[in-house]
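Chemist: OK, TrEMBL features for this one:
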ACT_SITE  ASP108  active site
ACT_SITE  GLU181  active site, proton acceptor
BINDING   HIS106, ASP147, GLU212  Zn(2+) 1 binding site
BINDING   ASP147, GLU182, HIS422  Zn(2+) 2 binding site
DOMAIN    228-351  domain 'Peptidase M20 dimerisation'
Amino acid sequence: MLNVDSSATLPLRNEILSRFQRYLQLPTQQPFPQYELAIDHLVSWSREIFPSLNSAEWEELSSGVKKMESYNAAITVFRCESTKPNLILTWKGKKPELGSILINSHMDVVPVDESQWTYPPFEAKLETITESDGKTKRRVYARGAQDMKNVGAAYMEVLKLLVNSEYKPERTLHVIFVADEEIGGQDGWGCLIGESQAELWKSLNVRFGLDEGLSSGLNSDVIPIFYGEKATWFFEITATGNVGHGSQFIQDTATEKIYRLLRDKVFPFREQQQVQMRLQTENEKKKSSASHVISINLTGLKAGHTNKETGEFSSPNVIPRTATAVFDMRVATHLDLHEVDAMLHQWAESVNGTLKYLKRSMENGLTDLEDEMVKRFLKVVNSKMTTNLMIVPAGTDARFQRSKGVNALGYSFMPFTQSLFHNNDEYLDEDIYIQSIIHYVDILKEMLLE
């Protein structure tokens, strides 16, 4: 369908890259993503793919849900929060009674420090690179080039190619673009599977889900496939202590208690988990994988009197009554979450402190690798490349699908690509992007069969 090495396809490649650049240029960075711009762009793009939608009109289905529909496609926009719309593009299958295939991507990207970028992060600069052997290649620099506007844009290109080839899917396909994945997803996937959108979720009739993965690394073509993820826990421990003048040796202060907490509990546990991570395998690459241990990091400290307007310390000579340490913990799938919870309460009690969860997932489900549709996906992917099934050490939207009983996998086609998720000068090579489209075509043609 596409020959990456053929110069005859250059005009087509340029068109595809141009559409990719336009999507990357949408300013959807947190904390103030412009989702309405993204939705308008995706609606227009969807109508280009499905001309039958050009004569369709919006219909309000319920509070926060509107839909336009034609004989072969539909666009649904839903929201639980007024400024955070989400979009579902549906390609109707010949056998709608069959469970559908759902492929997901998120519209938002993480913030950027433009001073650390070679090119403006939302310009989507296309640069020609000369390699050591004298060969040239093109790459796009932009926030979201890897995480994960590349995947969402590639899905749209796949639809365009399949529709134009007059391919007719047997199963219905839902292509979803959600908000707020980068900050927890509560107004994206959390909205879709929540009580207010129960009818919408049921109507999707999802049989198999696909979400994001990671790049393989610069010198590797082994693609990770995620079949589960660690539970994400954000929490804080607050200690209360004696107060007094900063010139005195006050005993048992709040900050001293937090110091003891870190010295005696948190950092020894963290070191023990790192040792366990290195000992769990003889594979040198996997010695740095935190997928099967608990990772914990101190991400914030709060103590002292501050100016409410400026946030600056206002009374440096006053020993504070309270001090708080904030943590990011990711719990491996094989561990008992209630036992981990008990450990954290014991930590807090050791300094006569209090434990407060800022975010805690008590669901840690895994995708069933023996499921027929999962095996179908793995078969087509493994026939074309080397993959590595693993637990993602961070969090993705796939956890929402798994919580509803959907077997979902995380997969992004990015071989020989340096992982620059959330990093400066995020980029994707042109050839990798084009190849991903070809690859997703093969995957979806197989998955959309009966």
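Count begins at 1; order follows the chain as displayed.
Just so you know, glycine gets a Cβ as well, placed from its N, Cα and C.
As the structure is a computational prediction, the values presented were derived from the model and not from experiment.
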Chemist: List the helix, strand and coil residue totals of the domain 'Peptidase M20 dimerisation' (228-351) as derived from DSSP.
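Modeler: Per DSSP, the residues of the domain 'Peptidase M20 dimerisation' (228-351) fall into 44 helix, 37 strand, 43 coil.
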Chemist: Take the Cβ of ASP147 (Zn(2+) 1 binding site) and count every other Cβ within 10 Å, whichever protein chain it belongs to.
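Modeler: Its Cβ shell of radius 10 Å holds 25 other Cβ atoms.
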Chemist: Sequence order is fine: just name those recorded positions in HIS106, ASP108, GLU212 with a Cα within 10 angstroms of GLU182 (Zn(2+) 2 binding site).
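Modeler: So the list reads HIS106, ASP108.
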Chemist: How does the model score the domain 'Peptidase M20 dimerisation' (228-351) in terms of mean pLDDT?
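Modeler: Across the domain 'Peptidase M20 dimerisation' (228-351), the average pLDDT comes out at 92.
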Chemist: Give the sequence-ordered list of residues that share a chain with ASP108 (active site), lie 6 or more positions from it, and have CB atoms under 8 Å from its CB.
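Modeler: Listed in sequence order, they are THR28, GLN29, GLN30, PRO33, TYR35, ALA179, ASP180, GLU181, GLU182, ILE183.
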Chemist: By a simple count of other Cβ atoms within 10 Å, which of HIS106, HIS422, the binding-site residues in the record, is least packed?
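Modeler: Result for the binding-site residues HIS106, HIS422: minimum number of other Cβ atoms within 10 Å at HIS422.
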Chemist: Using a 10 Å cut-off, grab the number of neighbouring Cβ atoms around the Cβ of GLU182 (Zn(2+) 2 binding site), all chains included.
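Modeler: Here the count is 21.
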Chemist: How big is the gap, in Å, between the Cα of ASP147 (Zn(2+) 1 binding site) and that of HIS422 (Zn(2+) 2 binding site), rounded to a whole number?
Modeler: 8
Chemist: Mind giving me a neighbour count for GLU212 (Zn(2+) 1 binding site)? Other Cβ atoms within 10 Å of its Cβ, every protein chain shown.
Modeler: 23
Chemist: To the nearest whole angstrom, what is the C-alpha distance linking GLU212 (Zn(2+) 1 binding site) and HIS422 (Zn(2+) 2 binding site)?
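Modeler: Answer for this pair: 14 Å between alpha carbons.
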Chemist: Where HIS106 (Zn(2+) 1 binding site) and HIS422 (Zn(2+) 2 binding site) are concerned, what is their Cα separation in Å, rounded?
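Modeler: Answer for this pair: 14 Å between alpha carbons.
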Chemist: Taking the centroid of the Cβ atoms of HIS106, ASP147, GLU212 as the Zn(2+) 1 site, which other residues of that chain lie with their Cβ within 8 Å of it, listed in sequence order?
Modeler: SER105, MET148, LYS149, VAL151, GLU181, GLU182, THR396, ASP397, SER412
Chemist: So which other residues, same chain and not among ASP147, GLU182, HIS422, have a Cβ within 8 Å of the centroid of the Cβ atoms at the Zn(2+) 2 site?
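Modeler: The answer, listed by sequence position, is VAL109, VAL110, MET148, PHE421.
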Chemist: Please report the number of other Cβ atoms within 10 Å of the Cβ of the residue listed as 'active site, proton acceptor'.
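Modeler: The answer is 24.
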